[in-house]
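Accompanying notes for the structure given below.
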Amino acid sequence: WTCRDDCKYQCMWTTVGLYQAEGYRVPQFHGKWPFVRVLCFEEPASALASLLNGMACLLMLLRYRSTVPRQSPMYHTINAFSLVSLNAWFWSTVFHTRDTYLTEKMDYFCATAVILYSIYLCCVRTLGLRRPGVSSMVGVLLILAFTSHVSYLTFVSFDYGYNMAANATIGMVNLLWWLCWCWQNRRTLPYWWKCGQVVLLLHGLALLELLDFPPLFWVLDAHAVWHLSTIPVHFLFY
């Protein structure tokens, strides 16, 4: 911690004490609730939850690699998706440990990469196995979309509202595409309900973040609860 960072942290808690002493509601500071610093972790609950998500993803990826033959049509696509997800959870852990200009951008951009790759995964699974050209075209479009998204947020304006709207839109496309495929294959694929449950849980649990309550014990907030709730979904997905 630099002297400046530590000064900001101590000043924040002095301000929180004054608000509480006068009976006022504690506000957010620069868009974030005040969190008690634990060791090197700025947001200990969210950092731990992100780490556990990454560990669950890694555990199931290793199990997938040891169980599924490399000749399986989806083997390499799933491996790539898992690596993109692991990268996102790594940066999520880093960001919640230490909030800086770089770690914030990496957390946001890597999360968007996961959502976009989810659409590519969906395309390969639903169309690409029979029409590889279609999935290749979709992949190129998604890369262009990601490049444009990152460029705008980096060089034009880091607009939090736009970023949330863009990710929500991409997420809805992913959700509806998977659900339509599940419904069409409900009579032929015995595991269709698992796929439907995974996408519904992932999008439904994201609504927990809308609660946005002051952290319990200045540690556990809605964002941490959301990340903790997604840990079991990895096992169902794989």
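The chain as shown is numbered from 1 upward.
Just so it is clear, glycine is given a Cβ too, placed from its N, Cα and C backbone atoms.
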From 29-49, 134-154, the residue range that TrEMBL assigns the feature transmembrane segment: 134-154
Recorded stretch, among 74-94, 160-179, 191-211, maximising Cβ pairs under 8 Å relative to the transmembrane segment (134-154): 160-179
The transmembrane segment (191-211) versus listed stretches 74-94, 106-127, 160-179: most Cβ pairs under 8 Å: 160-179
